[in-house]
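A.B. asks: Have a look at this one.
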Amino acid sequence: MRISTLDRRDMKHIHIIDSHTGGEPTRVVVSGFPALGGGTMAERLAVLAREHDRYRAACILEPRGSDVLVGALLCEPVSAGAAAGVIFFNNAGYLGMCGHGTIGLVRTLHHMGRIGPGVHRIETPVGDVEATLHDDLSVSVRNVLAYRHAKDVVVDVPGHGAVTGDVAWGGNWFFLVSDHGQRVAGENVAALAAYASAVRAALERAGVTGRDGAPIDHIELFADDPEYDSRSFVLCPGHAYDRSPCGTGTSAKLACLAADGKLAAGVTWRQASVIGSVFSASYAAAEGGVVPTIRGSAHLSAEATLVIEDDDPFGWGIAS
């Protein structure tokens, strides 16, 4: 058979499995990334960001990805007792932890035949998390320690006036706002995103940060919900909004509720997203904060091989 010149081009191949958790997509990278060494997930993240960031861009940016997509690089764990290691990333950079992404990863590991129902340890750049795959294929994630860093922080937002919120850590840094005057609904996401972007810019101008000067890159707006305990809109880094209720954001919310004495340990909190998907959450008390557990479900959506041709001018993504 005659092979065309096109077929003989040098190509790089990246094997992926896509899923979504409550509408929020996760792209698990199974193979095709460069070796990152045998260090911790935090050390491997640093190598990936410093030396091989174009692979993140190729997977997540257009023409192969989108702003809403979260990547999860599947890694061999450091500890023999862990099921997997993972490095999370999106169109804006890297994430220390991702709740919906961990749920998607665990569902994907089951699809790959690597785990069955039960409790599994997952290594992340910010510490180990415990994930339970239930018989119905839903997943509970016992997250890293969550805590409130600052209460009732006020920033001036042009066009909106003074906005008050809490700064909290749930695996990523959040500014959580309940009194915002916005309608948290799926048909209002453009206005919500514009408002949350303005709040994030105001935080940056005011020098409001998380612990040790860490940037606050997630904005979470809460509203009452007739069926669940709360409905939320989460603006992620890179200006995409979270279709799921956001696992790390829900963890940050639990930390604030616990600090205010509004939710007792072990009591279930039902958090709805802006599109109506739901996580169930509770926490255990811990020194310096709370240890949240988030439960949700992921569904598989694709299994494919991404191809990067050497002569493709957009092979490594279109910068946003």
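Note that Cβ sites are derived from N, Cα and C of the backbone, with glycine treated the same way.
Taken from Swiss-Prot, the feature active site, proton acceptor covers Cys98, and the record attributes it to similarity to another entry. The annotation active site, proton donor is assigned in Swiss-Prot to Cys246. The feature substrate binding site is assigned by Swiss-Prot to Gly99, His100, His218, Asp242, Gly247, Thr248, with similarity to another entry given as support.
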A.B. asks: Other residues with Cβ within 8 Å of the Cβ centroid of Gly99, His100, His218, Asp242, Gly247, Thr248 at the substrate site?
C.D. replies: Glu24, Cys98, Gly101, Gly170, Gly171, Asn172, Val234, Ser244, Pro245, Cys246, Gly249, Thr250, Ser251
A.B. asks: Just the number: how many Å between the Cα atoms of His218 (substrate binding site) and Cys246 (active site, proton donor)?
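C.D. replies: Counting only the Cα atoms, the answer is 10 Å.
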A.B. asks: Looking only at DSSP and grouping its letters into three states, which state does His218 (substrate binding site) belong to?
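C.D. replies: Assignment for His218 (substrate binding site) reads strand.
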A.B. asks: Give the number of CB atoms, excluding that of Thr248 (substrate binding site) itself, located within 10 Å of its CB.
C.D. replies: 34
A.B. asks: To the nearest Å, how far is the Cα of His100 (substrate binding site) from the Cα of Cys246 (active site, proton donor)?
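C.D. replies: Per the Cα atoms, His100 (substrate binding site) and Cys246 (active site, proton donor) stand 6 Å apart.
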A.B. asks: Find, among the active-site residues listed as Cys98, Cys246, the one whose Cβ has the highest number of other Cβ atoms within 10 Å in the structure shown.
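C.D. replies: Counting Cβ neighbours within 10 Å, the top one is Cys246.
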A.B. asks: Highest CB neighbour count within 10 A among the binding-site residues His100, His218?
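C.D. replies: Compared across His100, His218, the most Cβ atoms within 10 Å surround His100.
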A.B. asks: 10 Å Cβ neighbour count around Gly99 (substrate binding site)?
C.D. replies: 30
A.B. asks: Highest CB neighbour count within 10 A among the binding-site residues Asp242, Gly247?
C.D. replies: Gly247
A.B. asks: I need the CA-to-CA distance for the residue listed as 'active site, proton acceptor' versus Thr248 (substrate binding site), whole Å please.
C.D. replies: 6
